[in-house]
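*Asks:* Let me give you the structure first, and then I'll get to my questions.
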Amino acid sequence: MAVVYYDQDADLNVLKGKKIAVMGYGSQGHSQAQNLKDSGLDVVVGLRPESKSRAAAQAAGLEVKTVAEAAAEADIIQILLPDETQARVYREEIAPYLTGGKVLMFSHGFNIHFNQIVPPADVDVIMVAPKGPGHLVRRTYVEGQGVPALIAIYQDASGKAKEIGLAYAKGIGATRAGVIETTFKEETETDLFGEQAVLCGGTTALVKAGFETLVEAGYQPEIAYFECLHELKLIVDLMYEGGIKYMRYSISDTAEYGDVTRGPRLIDDHVKSTMKSILKEIQDGVFAREWILENQAGRPSFNAFRKKEREHLIEQVGDQLREMMSWLKK
């Protein structure tokens, strides 16, 4: 069973007198910085001089400096920038100021696990990764609750890395819900696999295949959209709330029978074998190398994929149908 830490396992005093630099002010950056500040900690946000987020961070009462300035004065540096920019920013603006005794932190292990960032041996390297989007991390904190998180120690130069990581997790509210111990390897590989095989890649491919099957069989695209995409949220919300068993309890018996008899025919051993090969590409670093090279080349394939996907009939139909849905934000 997983090792889980809670409020009583963490001490915010570990971070007293230390300056924490949060690099980036996106989904995780804004929530973690604000939560740390409201926990009474000394926080500075590191941003590009021209960043559009500077005004928002300042409006939240946060000190804002350039990444280099923030790195120079911080004891703890949390990098919350996009995966594809972290290595360059680290190399140019953080590494020169990452002196012995400092702490380097992440909320995703990609760049450490795949050696795009190689920290010096005399710094702690820690991951605290909330398992929810930034707005939820912030909202639950304000409500006196929290979002569960993962904690991993890659390097423990000080001998106190776990204490520091747990204190940070408490500062953002995560120990209120529970913090699960993991490793950089496990977090990175499972996160990428989930995105590719299930949550993003698997789901979108399944939805499009179902939509295309109905349209090619002569059914109206609008009806196919409702049955294969729009209603997916209803099912996912039920699973999110109570697991697969709760979803099956909530749907009709006809739907449940179709689920348990037809689902395994669709997602069969062949699909599982493909999943295993996708996982192996992640474990072996094949995907990481491919993505790194794609970015270095200016993203030609990625941009072409984006353009092609946006032109799919399902997007056109969806745009039209959502105009009928007054409850959706425009």
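Every residue gets a Cβ built from N, Cα and C, even glycine.
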*Asks:* So Swiss-Prot lists Tyr25, Gly26, Ser27, Gln28, Arg48, Ser51, Ser53, Asp83, Glu84, Thr85, Gln86 for NADP(+); which of Gly109, Gly132, Gly134 goes with them?
*Replies:* Gly134
*Asks:* Anything within 10 Å of His108 (active site)? Look among the binding-site residues Ser27, Arg48, Ser252, comparing CA atoms, and list what you find.
*Replies:* none
*Asks:* For Glu227 (Mg(2+) 2 binding site), name the DSSP secondary structure in the helix/strand/coil scheme.
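*Replies:* In three-state terms, Glu227 (Mg(2+) 2 binding site) counts as helix.
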*Asks:* On a simple 10 Å Cβ count over all chains shown, which one of the binding-site residues Ser27, Ser53, Gln86 is most densely packed?
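*Replies:* Within the set of binding-site residues, the most crowded position is Gln86.
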*Asks:* Cα of Glu231 (Mg(2+) 2 binding site) to Cα of Ser252 (substrate binding site): how many Å, rounded?
*Replies:* 14
*Asks:* Give the sequence-ordered list of residues that share a chain with Glu84 (NADP(+) binding site), lie 6 or more positions from it, and have CB atoms under 8 Å from its CB.
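*Replies:* When sequence neighbours closer than 6 are ignored, Glu84 (NADP(+) binding site) has Trp291, Ile292, Asn295 within Cβ distance under 8 Å.
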*Asks:* Going by Cα-Cα distance, which of the binding-site residues (Tyr25, Ser27, Arg48, Glu227, Ser252) sits nearest to Glu195 (Mg(2+) 1 binding site)?
*Replies:* Ser27
*Asks:* Please report the Cα separation of Tyr25 (NADP(+) binding site) and Glu227 (Mg(2+) 2 binding site) in Å, rounded to an integer.
*Replies:* 38
